[in-house]
Amino acid sequence: MGYYSLTEVTAVQYAKEHGYFEKKANVVCHEIGDGNLNYVFKLDDGEKSIIIKQALPYAKVVGESWPLSIKRATIESKALQIFAKYVPEYVPVVYSHDEELAVTVIEDLSRLTITRKGLIDGEEYPLLSQHIGRFLANVLFYTSDFGLQSEEKRVLEGTFVNPDLCKITEDLVFTDPFGHYDTNDYEPELQLTIDELWSDKTLKLKVAQYKYKFLTRKEALIHGDLHTGSIFSSPSETKVIDPEFATYGPFGFDIGQFIANLLLNALSREEEQRGVLFFHIEKTWSYFVETFTKLWIGEGVEAYTKEKQWLPIILQNIFTDAVGFAGCELIRRTIGLAHVADLDEITNKETRIQAKKQALSLGKELIKYESKNADIQLFRTLFQQTVSGGIKA
């Protein structure tokens with residue numbers, strides 16, 4: 001019968017028809033999605049629960065005037081299955097995928113908390129950086145030319161051509177926040193700071209280079225939208241979700257996005273509460289390097305992985321890219337179309353504006369920084385130089 005949008009009623013019907021619940025089961029269903037592109041339903045009969053996610057043929061945040069291909073749901077499902085091949089402990093189980101309806105049935109992770117919400121609430125996740133560092137190292141290594149034979153990599157790359165969502169990234173991360181575009185969204189009090197940002201030709205030249213890297217460097221399979229709202233956490237578990245932006249791209253992209261979102265949370269905190277965020281930023285990189293290095297030495301299939309001087313160059317390039325991509329993410333999450341609650345939910349207006357100005361300044365510094373070595377202390381140093389004192393709630 002072709003594609004149709006599910007409702008809470010038809011989601012239950014779908015689940016029963018596909019054997020997830022008995023026909024007579026009393027299934028409670030709620031639409032729980034808070035994202036911009038999908039419906040997400042939680043179904044529970046008191047004994048078991050599942051999540052049904054359906055891609056919409058348009059962006060919810062804009063409406064039907066912004067059409068999107070529902071094929072992204074297939075890309076998301078395939079990405080989760082690729083991730084599970086290498087790091088099953090860090091992703092939800094995919095039970096099934098229906099390409100015609102753009103429906104994926106996945107494990108219910110209600111026992112966990114969306115990491116962004118948890119961090120805003122002051123929750124601590126001691127294993128977050130270890131898990132994300134290892135997740136990134138495994139996925140990026142094993143889907144790159146270093147972990148896959150070149151012909152296998154080319155075939156896999158072809159299955160993750162994702163034009164609609166890549167175009168969103170190109171526009172909303174690298175283009176629109178750096179000029180006069182209707183998609184931008186910001187308080188009038190930021191206008192002078194933004195005018196200065198938009199007139200900075202050196203900054204724009206650097207952003208152009210990072211955008212070009214995103215467009216042309218097909219180094220590994222990236223999640224494409226790895227912010228703290230795309231991660232479920234508890235003190236002992238971490239699960240990466242929502243890879244519908246997955247595509248082949250630069251090694252450093254996901255790392256930069258994740259770090260940027262930790263920095264955004266740090267900006268919302270008082271000075272004495274920021275240490276845990278810098279701990280996670282620095283540990284994410286150290287666990288990434290440790291794991292990537294072990295894989296390089298033990299699992300490398302490309303001939304030049306045997307050259308000892310090649311790995312440090314690769315890691316330096318990844319770090320340099322991560323720094324710049326983090327800067328772009330900071331700016332776009334502050335004045336672009338899709339904001340973050342870390343800043344927007346600061347209740348005091350003066351404090352909120354201050355934090356957003358600091359986010360813009362820090363983003364600019366990260367984009368323009370010329371890193372000579374992979375010094376993970378850089379994020380802490382530039383943060384301290386850019387942000388004087390603490391945020392007062």
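Note that Cβ sites are derived from N, Cα and C of the backbone, with glycine treated the same way.
Same-site candidate for ATP binding, as annotated by Swiss-Prot with ASN38, GLU107, ASP108, LEU109, ASP242, PRO243, GLU244, chosen from LYS24, LYS53, LYS117: LYS53.
A C-beta separation below 8 Å, combined with a sequence spacing of at least six in one chain, links GLU244 (ATP binding site) to LEU37, ASN38, ALA55, ARG72, ALA73, ILE75, GLU76, ALA79, LEU165, GLY224, ASP225. On the backbone, the CA of ARG332 (substrate binding site) and the CA of ASP108 (ATP binding site) stand 31 Å apart. Taking Cβ-Cβ distances under 8 Å and a sequence separation of 6 or more, the neighbours of PRO243 (ATP binding site) in its chain are ILE75, GLU76, ALA79, LEU80, PHE83, HIS223, GLY224, ASP225, SER230.
Sequence-distant neighbours of GLU107 (ATP binding site) (same chain, 6+ residues apart, CB-CB distance under 8 A): ILE50, ILE51, PRO92, VAL93, VAL94, TYR95.
Put simply, the two farthest-apart Cα atoms among ASN38, LYS53, GLU107, ASP108, LEU109, ASP242, PRO243, GLU244, the recorded binders of ATP, are 18 Å from each other.
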